[in-house]
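As written in TrEMBL, here are the features:
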- 12-31: transmembrane segment (TRANSMEM)
- 69-89: transmembrane segment (TRANSMEM)
- 101-118: transmembrane segment (TRANSMEM)
- 138-159: transmembrane segment (TRANSMEM)
- 171-199: transmembrane segment (TRANSMEM)
- 205-223: transmembrane segment (TRANSMEM)
Amino acid sequence: MMTSFFDQFASPSFLGIPLIAIAIALPWILFPTPPSRWLNNRLITLQTWLINRFTNQLLMPLNVGGHKWALLFTSLMVFLITINMLGLLPYTFTPTTQLSLNMGFAVPLWLATVIIGMRNQPTVALGHLLPEGTPVPLIPVLIIIETISLFIRPLALGVRLTANLTAGHLLIQLIATAVFVLLPMMPTVAILTATVLFLLTLLEVAVAMIQAYVFVLLLSLYLQENV
């Protein structure tokens with residue numbers, strides 16, 4: 001029984017062909033493209049306003065050099081939110097529950113921020129490994145600890161996104177299974193459980209958006225240290 005709960009996280013395939021590529025490419029098809037007319041419709045206007053607000057909020061702490069990442073961060077944010085939200089629909093697959101996909105996003109982007117810091121300001125980048133005013137006997141230990149924490153960052157990025165979405169999907173499936181089991185025996189308890197399931201679904205919608213924002217926000221903080 002427990003194995004069936006994790007079947008929803010297995011990458012679907014058709015005729016031996018993995019369908020994860022379709023699940024990743026589908027979100028971009030759903031977004032409306034701006035028309036050639038001067039006046040946009042309400043959906044395009046709302047979408048543009050939200051993207052502008054997010055970009056301004058994200059890039060406010062960064063200097064001019066970090067503004068080159070605006071398009072990348074905004075696209076990643078929109079992409080993660082969309083596939084997280086689509087994964088809450090019935091009979092769908094959530095690619096971000098796969099640690100390999102999340103690490104594929106986290107490691108290259110984190111490594112790019114580190115490389116930029118080492119290239120543009122190596123002294124400041126290496127200075128983060130040793131806090132100012134550290135006693136001399138603690139210098140080797142702190143350097144090792146800070147180096148380990150630096151290399152753990154991409155792992156924490158990928159695991160955080162994967163764990164939050166996986167836990168939410170599992171909890172929804174467990175409570176939904178309990179509702180179907182309790183409905184013939186105890187209808188009142190089943191109705192109360194269904195109410196909890198509805199509230200949990202609303203919470204998962206918020207988690208899907210917040211985790212995408214946190215993923216991109218942490219990347220911007222890593223970039224802020226190196227530009």
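Glycine is treated like the rest: Cβ placed from N, Cα and C.
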Discussion item. Which sequence-distant residues neighbour the transmembrane segment (12-31)? Criterion: at least 6 residues beyond either end, Cβ under 8 Å.
Written reply: 47, 78-79, 82-83, 86, 92-95, 98, 101
Worksheet, complete the sentence: Across 69-89, 101-118, 138-159, 171-199, the most C-beta pairs under 8 Å with the transmembrane segment (205-223) come from 69-89
Worksheet item: Any residues 6+ beyond the ends of the transmembrane segment (138-159) with a Cβ under 8 Å from its own?
Response: 99, 102-103, 105-107, 110-111, 114, 128-131, 215, 218-219, 222
